[in-house]
């Protein structure tokens, strides 16, 4: 279990836990949560949670949380494994060491090399 404190408009960026389902309970504040289903649908599921609300992120799916309130938000989260793993999508894709070749990323995200260069520089 973990307590997470979010500053106003704070974000837990898109990430996944390859070996665990996550359940989150809002203790304070207002939080937007969401996840994307697997291929081929890749459906975006999102909800705004208030104090007392609970949300489940299925194992392995990309998900995020964002404080959409003007005050702090606090949650308690639990994972279904002692070793859930955590892969932050931006870090994994644009911060890989060694780097994923720019032409693969440019093609995958349908952007120019300059965009890939900027993103890789941030990670």
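Glycine is treated like the rest: Cβ placed from N, Cα and C.
What TrEMBL says about a protein is an automatic prediction, not a curated fact.
Noted in TrEMBL for the protein shown:
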DOMAIN    1-117  domain 'Cupin type-1'
BINDING   12, 17, 22  oxalate binding site
BINDING   15, 17, 22, 63  Mn(2+) binding site
Excluding its own, the Cβ atoms lying within 10 Å of the Cβ of residue 63 (Mn(2+) binding site) add up to 23
Could you round the CA separation between residue 17 (oxalate binding site) and residue 63 (Mn(2+) binding site) to a whole angstrom and send it over?
9
So which other residues, same chain and not among 15, 17, 22, 63, have a Cβ within 8 Å of the centroid of the Cβ atoms at the Mn(2+) site?
16, 20, 35, 57, 61, 62, 84, 86
Taking 8 Å from the centroid of the Cβ atoms of 12, 17, 22 as the cut-off, which other residues in that chain fall inside it around the oxalate site?
15, 16, 24, 57, 63, 65, 77, 79, 84, 86
What number of additional C-beta atoms lies within 10 angstroms of the C-beta atom of residue 22 (oxalate binding site)?
23
For residue 12 (oxalate binding site), just count the other CB atoms lying within 10 A of its CB, please.
18
